[in-house]
Amino acid sequence: AGKEYVGIVRLHNAIESEAQLARAIETLTGALFQRPPLIAAVKRQLRVRTIYESKLVEYDPERRLGIFWVSCEAGTYIRTLCVHLGLLLGVGGQMQELRRVRSGILGEKDNMVTMHDVLDAQWQYDNNKDDSYLRRVILPLEKLLTSHKRLVMKDSAVNAICYGAKIMLPGVLRYEDGIELNQEIVVITTKGEAICLAIALMTTAVISTCDHGIVAKIKRVIMERDTYPRKWGLGPKASQKKMMIQKGLLDKHGKPNESTPDSWKKEYVDYRDPSKKDAAAVPRAVSEVERAPKRKRESESESEEAVTPPSPATPPPEELSKKEKKKKKKEKKAKEAAESGGEQVELASETSTKKKKKKKQKEVEESSE
């Protein structure tokens, strides 16, 4: 949430005109580098902060004081901004006074009260049972989130989100138009109570066309746990598991014991156990391989040959075809190597016979001489 300030800057020396200061203030807008001052509540490291808008309100040349208004990102140091203003003008400067005018969507003219108002409102409620003054003084938290895009969740999904469950599309009841990807949104109940702040993982268009998936990622949970009743663990399998725990067929953690029936051990898959999760994933992977589209050559070869059911010991036909291809490639390479080797042997024999003939001719010539 952005903030707005009205501040007074004191310049160390006089400047030519008021317009020069106004130009310098307007120059310091956009993304600026800032290092927090010596006395600061944060680590003194260089960082970038954005100034959205700034303007000069008034300038007194005699006292060298300038009043300015600035709208900036949260975490901007106005003290540092005043120092930069002095450096830009070449005369030096420092901050004299500062007042925050707005923080988020709350301004200084919007329902501002004193601590005495809070005490009086509490006294009015305690003694006269009249909460109208208290309601005017203390605003609900949702007042801060009225500018956010909203997702309305079903009552059955509220407590699960408070415990950190993912915000899934089946639990969404209504959604606002104009939700963009990675935008900060607020998740609310049907009564308008804020559940959490979240980062949108789907746009409005995607939400309207899909029927499953994760809509948003939780950023901060606002609602207290168990404000709404628990609605998970009420399915047929979960209910059966609870009954078996009560009867002693499972231990208190829901794991098998000595009296657990064999049918339960075979049928039930505990997805929290990584070994069983992998075992459950194996048949699905096998079925996906079987469903994969076959190549044209493989389908032709299968149509020519008689289809035989593969035994569990023999590998699947795709692996056999791969092995056959590898064998054929090796045989081709061996043949090429043999042919190239044969040609080299023939060439070597021809060169050796030529050398012998030359030697004989030389010997004959020498003997004739």
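Positions of Cβ are set from backbone N, Cα and C atoms, glycine also.
TrEMBL annotations: computationally assigned, not manually curated.
Now, the feature entries from TrEMBL:
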type	residues	note
COMPBIAS	263-279	compositional bias 'Basic and acidic residues'
COMPBIAS	287-300	compositional bias 'Basic and acidic residues'
COMPBIAS	309-318	compositional bias 'Pro residues'
COMPBIAS	323-332	compositional bias 'Basic residues'
DOMAIN	149-223	domain 'PUA'
REGION	247-369	region 'Disordered'
Residue counts (helix, strand, coil, in that order) that DSSP gives for the compositional bias 'Basic residues' (323-332): 10 helix, 0 strand, 0 coil
Local confidence of the prediction over the domain 'PUA' (149-223), expressed as mean pLDDT: 94
The domain 'PUA' (149-223) - residue tally per DSSP class, helix then strand then coil: 17 helix, 31 strand, 27 coil
